[in-house]
Amino acid sequence: MDNTPSRVPSTNRADTPTTPARFMRPIEVKEPDNPFTPPSTSAGQGGPSSPIAPIATTPTTGKRKRSPSPKFHGSPNTFGADRHTPHFDERYKLYNSFGDDSSANGNDGPSTPSSYSKRLYKAALGVPTTPHRHGSSPYSFEETPGSSARSPVGRYDMPRSASPTRRPWQIPRQPYKVLDAPDLVDDFYLNLVDWSSKNSLAVGLGSCVYLWEANTAKVTKLCELGEDGVSSVSWHDQGKHLAVGTNRGLIQIWDVARTTKMRQYVDHTARVGTLAWKDFELTSGSRDRTIVHHDSRVKERRTDPTAWAIAHTGDPLRPSHTQEVCGLKWNRGSTRWLASGGNDNKLFIWDDRMLDNGRPRPVHEFNEHQAAVKAIAWSPHQNGVLASGGGTADKQIRFWDVTKPKSDPTTILGYHDTGSQVCNLAWSKFSYDLVSSHGYSNNDVRVWKYDHNRRNHPVSNAPIIQQRCDPLTAHGMRVLYMAMSPDGENIVTGAGDETLRFWKVFNRPRLNTQSVLQPMGPQR
């Protein structure tokens, strides 16, 4: 199959060489209709979904028409504040239709308030009632003596009228921003996009690394590698340093603020397709089948006493990857695990405490995937829960509990067949949801709801994940790259169509300000 990247038509493109000014220019796209807001209406006209109806005016005077208000007897708080009443117009009609009660009682005046309230209560709840004889209010009711059924609604617990409920947040179907990214390589095994904690986006394009500031939309070229090419980028947690892997096996660490290269390591003999940070320690995976780890605070690689490497030796007691390493992720829990995925369809879990003894051995080896494992994501809510995705021949997202021993069959929490190549995975910071990007053959983005109770109940016939919405299908080619914003609400995706698209896929929950800022008692 031809994987040659193709360009999408755009009015901002020009047949000129790639320059920094051309990188990440916004592409003018037609804004999609927002399905979550009512359509705008002309002045003086109210639409069917408008929450507030317009007030009619008299043609001659221009004054507002006001409906006649019924006159209530007694205190307005006794009836006007009733929490379960029919519509105002219906209530007014009932009030005017009860005049015959007075004639039945020998009165010539209007119906009494108790008669009106009695019939209104009966019309609303369908329960025969009589006024309280000794109640403080003439509009409070008690059950009719001899009645076989008692109303479930008491005097002080009458239900509130139906109030408009807040519509649950829905995921927009279209990206809110599209940027031009020329020369973005269409290669499944690379990782060319990452978003820093300081809201700066790093993208590897050809032999250059560009930075796009999300706050100001400013574009800066960080470095140019000449004849070498960028194969991976990864931000440090503090957002001050960026690690860059190259096609020739080099690893560079750049100080972004000073635009200075701080470190350069020559640890691999082939391209470095994946990078992962753990505090100030950097781990790299390469096409030469090795995983190298060292402390970035040590200037020279050969003097680093904490450095170690995982290489394929053929020793069955020390298994490792036999093909290119394309996925690396450190977890954030108390026990530090490193997950590595490779083109050999294997997923390894390494314990940090067992890696620097010269003979590293994995604590878990998973062979269930049937294709390359690039997509790896640790759950931020449950320690030891890992999600992994397989390539074109596998198309599955699998979930693991690495806190359990190898012999425990419940280590595998479950899996789901997506029907498409899984390129990236990322968990939500606020809920048990996760987002995935896909390649062949759907080329889309999907948001999933994860069954977090599966860890306690591993034997279940229910699906472990379910789609939150229809797939997001704005990209025209494989969605190979994905990164999450520092606020945890947005993601950016990159594809072979040489565009970067920004999506809002997660919603930050509203916090109780009083409970956060004002403790509910003394701290002991």
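Every residue, even glycine, has its Cβ placed from backbone N, Cα and C.
Note that TrEMBL annotation is computational and uncurated.
The compositional bias 'Polar residues' annotation in TrEMBL covers 1-19, 99-117. Here TrEMBL flags 48-61 as compositional bias 'Low complexity'. According to TrEMBL, the feature compositional bias 'Basic and acidic residues' maps to 81-93. Annotation source TrEMBL lists domain 'CDC20/Fizzy WD40' at 179-503. What TrEMBL lists as region 'Disordered' is 1-168. Residues or ranges marked as repeat 'WD' in TrEMBL: 230-264, 318-351, 366-410, 472-513.
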(request) Would you mind splitting the repeat 'WD' (318-351) into helix, strand and coil residue counts from DSSP? (result) 0 helix, 17 strand, 17 coil
(message) Just to be sure I understand, if DSSP states are collapsed into helix, strand and coil, how many residues of the repeat 'WD' (230-264) fall in each?
(response) 0 helix, 23 strand, 12 coil
(request) Give residue numbers and ranges for long-range contacts of the repeat 'WD' (472-513): same chain, 6 or more residues beyond its ends, CB-CB under 8 A. (result) 3, 5-8, 24, 27, 169, 171-184, 186-188, 190-199, 201, 203, 214, 239, 421, 423-424, 426, 428-431, 433, 435, 437-440, 442-447
(message) Using Cβ atoms and a strict cutoff of less than 8 Å, what residues sit near the repeat 'WD' (318-351) while being 6 or more residues removed from its termini?
(response) 188-189, 270, 273-278, 283-287, 289-291, 310-312, 359-367, 369-378, 380, 383-384, 386, 388, 390, 394, 400, 402
(message) From the DSSP assignment alone, can you count helix, strand and coil residues within the repeat 'WD' (366-410)?
(response) 2 helix, 19 strand, 24 coil
(message) For a three-state summary based on DSSP, what are the helix, strand and coil counts in the repeat 'WD' (472-513)?
(response) 1 helix, 19 strand, 22 coil
